Each structure stands twice: as structure tokens, then as C-alpha cells.
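Taken from TrEMBL, the feature signal peptide covers 1-21. Positions annotated as domain 'Cadherin' by TrEMBL: 79-159, 160-268, 269-383, 384-488, 488-605. If you look up TrEMBL, you'll see 605-636 marked as transmembrane segment.
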Amino acid sequence: MRTYSFLIVLLWSCMFHAIHMMPSAKRTNKHSRSERITGLSENDGKTLHRTKRGWMWNQFFLLEEYTGPDTQYVGKLHTDQDKGDGNLKYILTGDGAGSLFIIDENTGDIHAAKKLDREEKSLYVLRAKAIDRKTGRQVEPESEFIIKIHDINDNEPKFTKDMYTASIPEMAGVGTSVIQVTATDADDANYGNSAKVVYSILQGQPYFSVDPETGIIKTALPDMSRENREQYQVVIQAKDMGGQMGGLSGTTTVNITLTDVNDNPPRFPQSTYQFSSPESAPPGTPLGRIKANDPDVGENAEIEYSISNGDGSDMFDIITDKDTQEGIITVKKHLDFENKMLYNLRVEATNTHPDPRFLQLGPFKDTALVKISVEDIDEPPVFSRPWYLIEVDEDTNEGSIIGQVVAQDPDITKNAIKYSVDRHTDLDRIFNIYSGNGSLFISKPLDREETPWHNITVIATEINNPKQSSQIPVFIRILDINDHAPEFAKYYETFVCENAKAGQLIQTVSAVDKDEPPRGHKFFFELVPEFALHPNFSIVDNKDNTAGIMTRRNGYSRSKMSTYLLPVIIFDNDYPIQSSTGTLTIRVCACDSRGNMQSCNAEALLLPAGLSTGALVAILLCIIILLVLVVLFTALKRQRKKEPLIISKDDVRDNIVTYNDEGGGEEDTQAFDIGALRNPEAREESKMRRDVIPETIFQIRRTAPLWENIDVQDFIHRRLKENDLDPAAPPYDSLATYAYEGNDSIANSLSSLESLTTEGNQDYDYLSDWGPRFKKLADMYGGEDSDQD
């Protein structure tokens with residue numbers, strides 16, 4: 001290994017020589033004792049010697065933001081091998097070599113080509129070497145060194161936010177922390193005081209202060225009230241160089257809001273309020289609003305209103321409007337001017353969310369006096385009751401008074417009242433009322449069974465002011481009297497077996513009554529006196545509103561008597577006693593051994609006594625077979641009829657109508673030529689039929705001349721007879737009788753057009769002789785005149 005000596009001369013040029021601190025190089029004598037290192041060479045094992053360089057360094061320093069006219073000189077590289085003949089070449093590599101830092105390759109002088117900023121890059125690592133220009137080999141090994149950029153105070157402090165927002169409750173104590181602001185300085189904090197920041201307050205005193213080191217903003221005055229001032233703007237300054245003269249500074253704005261606390265009680269702006277209300281105001285009617293002022297906001301200003309005392313606390317009420325924080329006074333009960341004209345209320349307003357910290361400031365409520373005057377109005381009549389119930393017997397005579405309603409004018413004037421019945425509730429005009437005193441009386445007979453209840457409305461009206469009227473419902477209950485007789489509950493189909501025994505129950509009957517006695521129904525049954533000792537049947541009263549029909553002898557014969565009529569008298573137990581007679585129809589029937597009915601028809605007696613069930617079935621089968629044979633014979637006979645040659649609609653022979661066309665009746669002159677019927681002398685020439693296939697040539701039959709007979713009816717009958725007797729005529733021509741009514745009716749004319757020509761009333765009794773079809777007419781015209789009512 002070869003030993004080299006490398007000499008580097010560092011020259012510094014700076015504006016501020018006092019702050020340049022370049023570490024001194026340790027120079028060693030060129031002729032100093034060499035350090036001997038004993039070792040084996042790779043080739044011959046000779047002893048190796050290392051000679052120290054002429055110069056050693058760790059780092060260079062360079063000022064940032066140089067603004068001189070020339071490039072800033074950094075230092076000089078030199079080696080002992082440089083004889084000054086220009087044979088050596090100096091080369092610089094590393095961070096910024098060639099761009100930021102340039103070297104004179106002949107002299108080794110290093111310059112900064114550009115202005116440097118420590119905040120962008122504070123450290124540069126470079127490598128230097130010297131080479132022989134002729135041989136191109138290094139005369140010194142490559143050596144690494146560091147250039148540090150020396151800081152100057154060229155950056156002001158900057159806050160993390162341009163504007164801060166903070167809030168603090170009002171009435172907070174002195175020294176209460178509000179917010180902390182932070183500013184940073186990009187200068188080197190390890191070199192001088194360029195990055196040492198101090199905080200101060202420029203705006204916001206004396207309300208707030210700031211800690212100079214931490215930047216914490218605190219309150220400086222006690223009991224700051226939001227109601228007096230809510231918003232504060234504080235300006236904070238951050239200055240480097242420890243706040244000394246010449247330091248750079250930055251500012252920020254802090255907007256501070258005082259939040260509300262419940263430190264103010266509600267207060268009424270006036271001590272007395274006055275309202276008025278008409279006496280007709282219904283419950284719930286609002287009369288007015290009152291409001292207590294509370295300078296607080298939000299829930300701290302919520303107020304609850306109540307009536308603490310006063311003579312109108314039971315007549316009025318107050319509710320709180322949550323949106324406007326007002327108290328609404330309303331009517332609680334009906335007012336009466338004649339009873340009381342003025343009310344006094346003590347209304348209280350209370351905070352709903354008091355703050356315990358401020359209770360010492362006083363009670364958080366206030367009271368006010370409210371006076372309410374009642375105004376008199378013209379009121380309608382008032383009835384003595386909300387409704388009336390009247391009970392009346394259904395047999396009460398017309399014109400009888402059944403009850404009375406009473407109404408009076410509640411005003412001081414006491415106007416006269418007249419009464420009337422609302423006819424919409426009494427369409428039949430059964431009831432009436434005396435307009436002067438309100439007495440109700442009956443105008444028509446009553447019937448509880450038809451209408452047990454009557455609900456009418458009575459109207460009371462002031463005579464001097466008809467607009468003032470009121471109504472009252474009157475419920476009239478019709479009390480029952482025993483005016484209906486009991487009758488059978490239903491129609492009974494009663495039968496008795498031919499083999500019945502004496503004393504056998506054949507029917508149980510019951511009764512109903514339209515009346516409703518207060519103690520309930522009680523019915524009695526017995527036979528009419530004429531049949532008290534009926535030889536065939538008897539009746540037994542069961543004492544429970546039913547009765548049993550019993551047989552009185554053994555065996556009944558349908559051949560002798562198929563039906564028995566048994567009249568029964570039914571009594572009730574009310575006063576006056578009502579009774580009716582009902583007749584039971586008892587049929588004699590054939591029964592089996594267990595008493596089950598088999599047949600009650602008298603025709604069954606005509607069958608042979610010994611005819612069995614099998615024989616009856618055989619007879620029925622024979623009848624069915626005969627009916628089937630008749631049907632088959634009829635069908636075969638129809639198939640043998642000749643088919644028509646033409647079935648087209650073009651066949652326009654007279655009196656032929658297509659079956660699928662209903663026609664137009666007598667007015668349809670195209671479908672049917674009635675002229676032949678009108679003209680008896682019309683003659684037809686007998687022609688061969690075109691609608692059937694002729695099998696043989698038969699003699700054409702001519703009809704007798706008809707011009708001598710002018711009776712249309714006789715003409716039609718003869719034509720019908722000819723067609724009926726013609727076996728080859730198909731059923732195409734269905735003749736209908738036109739323009740013929742027939743003989744006169746035995747009822748004569750029923751028209752009333754000629755009734756005016758007769759004098760007096762006509763006798764319609766003969767209508768009853770015409771049978772059941774004229775029964776309705778007989779009832780309408782045969783009775784006496786009923787319009788006199």
C-alpha cells in the first residue's frame with residue numbers, strides 16, 4: 001500500500017464572522033513519526049506502513065439565504081501531491097455537486113452556486129478526490145465530508161389555524177381555561193433563539209389572558225354575563241427570538257362565545273292583566289295570553305304557567321305554549337253572568353330547569369294578577385232537565401195531558417217562553433203541546449204493540465226574540481194494557497194414528513200474546529163449552545203456558561172420519577181477561593207399530609188390502625215402459641214425414657213466416673198478407689207443392705168458393721181444418737188470428753168513461769160473483785165510502 005498525504009485548506013467567507021464556528025483541523029507534521037502496522041502482504045509478506053493525511057475534517061458550515069453579489073465561498077481542497085503544475089484534477093461528487101456546489105478542478109476551490117434554504121435541506125453529504133490528468137489515476141483516495149447549512153432567523157411563527165372558535169359558560173370564574181392555541185417556527189430550534197416562540201394577547205383584554213409559553217387562553221374577569229355580551233374576538237400574537245426586539249411574529253384570531261346558563265328568573269312585565277269573556281263561551285275557549293320574560297335562552301328560558309290561587313281557579317285554566325313560552329288562559333267551566341260577573345286569578349310563572357349553582361340569586365318564579373270579567377249575552381231558554389221521560393197507558397184518551405216540560409229565560413229580563421213540538425220527530429202528529437205552559441197531550445190513539453216508544457223533541461223559544469230557542473228530547477214510553485187475546489204460537493199439523501190408544505198424547509200446544517204484562521204471561525187452555533165432553537179428544541193444561549191434546553178412545557178409522565176439528569179456548573191472566581178460540585185440525589193417519597206416521601191420504605184406502613210393496617213396484621215399472629214406447633212411436637212417426645225440397649228464405653209464399661224471425665206483428669205487412677183474410681172472394685189456384693218430393697200424382701183438391709161466405713172467423717176455421725187434414729203439409733204456416741176479438745165478454749165493459757152519464761152511485765156488488773180474480777176490485781168498489789174520515 002502506498003502512503004499519501006492529503007492537504008485541504010478551508011477558507012470561509014461570511015457576512016457574520018462572529019457566528020461562524022468551523023472546527024479546527026488537527027494538523028500533523030509531515031515528518032512525524034509514522035504509525036507502523038505490522039502485517040503480512042498478500043505477495044511477499046512485507047511490513048505495511050500507513051501514513052496520516054496532511055489534513056483531516058468532519059464537516060463544513062455554510063450560511064443560508066446568502067444574498068451577496070458573488071458566489072459564496074465554501075472552502076478549498078488541496079493535496080501535498082499538487083506541485084502547482086496543473087497535473088492534478090480535483091473532482092466533487094455527492095448531494096448538489098455540480099448544481100449547488102461547484103469546484104475549481106485546478107485549484108480545488110469550492111463555491112455555492114445558489115442561495116440555500118436550511119428549512120428545505122439542512123445537510124449535504126459530498127465526496128472529493130484528486131486524479132492525475134496524465135495517467136488518470138487517483139493520487140488521493142476518495143474522501144467524504146459534510147456541509148451543514150447554518151440557520152438564520154428567516155421564518156416567522158405560524159399558528160396551526162388561521163381562526164379558532166371556542167365557547168365557555170357565562171359567569172365562569174377567573175382563570176377558567178378557554179382554548180389553547182399553538183404556533184410553530186420553521187427555524188432551527190437547536191441554534192440560537194430563532195425558534196423560541198412567546199405568546200401575547202393583542203386584542204381581548206381585559207376579558208381574557210394568554211399563557212406566554214403554552215398559549216392557553218383563560219378568563220380574566222369574573223361573572224361575565226351572556227345577556228350583556230355574548231361574542232368576543234381575541235387576537236393572539238406568537239413572536240420568536242424569545243419575544244425580543246427584532247424577532248418575527250404571527251397572529252391568529254380566536255372567536256369566543258359565552259354559552260347560556262339559567263342565571264335569570266322569569267319576570268312578568270306588568271303586575272296585573274285584564275281579560276273579558278262572554279258567558280256563552282264553551283269550555284276550552286281561549287281568553288288571552290300572558291308572558292313572563294326570561295333573558296336566558298333554550299331550555300333555561302322554558303317556563304311553566306299555573307294558577308296558584310284566586311276565586312276563579314275552578315272556572316278557568318292556563319296552559320303553556322311551548323313554542324312561544326306564553327300562558328294561554330282558557331275557560332274551564334260554563335260561565336253565568338247572573339251568578340258572578342268578575343273573577344280574580346293569581347298566575348305563577350316558574351322555570352322548569354333551574355340551575356342549583358344560582359339558586360342563591362333568588363326564587364326562579366314570578367306571579368301576576370289576572371282579572372276576568374264576564375259579559376252578559378242574550379241566552380236561549382234553559383230547560384229544567386237535560387231530558388224528560390213520560391210514561392202513559394196505551395188506552396189513554398185523546399186530549400189527555402200526559403206530562404209537562406218547563407223552561408225559562410236565564411237572563412235578567414226573564415222573557416216569556418212558548419213551546420212547540422218538532423214535527424220532524426212526530427210525523428204522525430200523535431202528540432201536541434200547549435204553547436203557553438208546556439203541557440203535552442195526546443192527539444191520536446196509542447198502540448203499544450205498534451210503537452212502544454216515542455222520541456219527540458220539544459222546542460222552547462223566546463217570544464221577544466225568536467232566534468233564541470233550545471230543544472230538549474222527550475222520551476214517551478207507552479205502557480201496556482191487556483187489549484190483545486192470546487193465540488196459538490204457530491200453526492200445528494196434528495195427526496192421530498189409527499191404532500192410537502186412549503190417553504195418548506198426540507200434540508203439545510203453546511200460545512203467544514202481543515201484550516207484555518208486568519208479571520209475565522200466564523195462559524190457560526180448555527175446550528169450548530160445546531165440546532167440553534168431546535168423545536174423541538181432550539185437553540190437559542200443563543200449567544206452564546202449554547197444553548197437551550190427548551186421545552179419549554182406542555182406534556180411529558180414516559174410512560169413517562179422516563179429519564177432526566178441535567176448537568180450543570186460550571185465556572190470559574191479566575186484567576181485563578182476554579181470550580181467543582183456536583181450532584186444531586187433527587188428521588187420522590196410518591202408523592206403524594212404533595207410532596211413526598206412514599200415510600195420511602184418504603186415497604190410499606182405495607188400494608187393495610192385500611197388495612204388497614213388490615206388486616206396487618211392478619205396476620210402476622209397467623207404466624214407465626208404456627210411456628217409453630209411446631215416446632219412441634212418436635219419434636219414428638216424425639222421421640217418416642217428408643223433407644222439404646226448399647228451405648231457402650227465397651220461398652215467399654203467402655202466410656209463410658221464417659221461424660227464426662219474430663216478425664213485426666200486425667204492422668208487419670211484408671211478412672203476412674192479411675188482404676186474403678179481408679177479401680172473402682180471394683181465390684187460390686191449387687198448385688203442386690214445391691217444398692216436398694211428390695211420390696205419386698194425386699188428384700188436386702179444390703176448395704169450395706168462399707165469396708158467398710163473408711164471415712172471416714168461419715173462413716179461418718175452414719182453412720185450419722183443411723191444413724190439419726192434409727197429411728203432406730209441413731208445419732211451416734202457423735196461422736194467427738188477426739183483427740178479431742171474439743164474442744162479447746160476460747163481464748161487459750169495465751171502462752169508466754160512461755160512468756158520468758149515470759146519476760147516483762153505481763152498484764159494484766156484482767163483482768163479488770165473478771170469482772177470486774175479481775176479489776180485489778170487489779173489495780175496492782164494493783165497500784162503503786171511507787173517505788168521509
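Quick reminder: no glycine exception, Cβ is built from N, Cα and C everywhere.
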What counts of helix, strand and coil residues does DSSP assign across the domain 'Cadherin' (488-605)? 7 helix, 53 strand, 58 coil
Counted with DSSP (H/G/I as helix, E/B as strand, rest coil), the domain 'Cadherin' (79-159) has 0 helix, 40 strand, 41 coil
I'd like the per-state residue tally for the domain 'Cadherin' (269-383) from DSSP, helix first, then strand, then coil. 10 helix, 56 strand, 49 coil
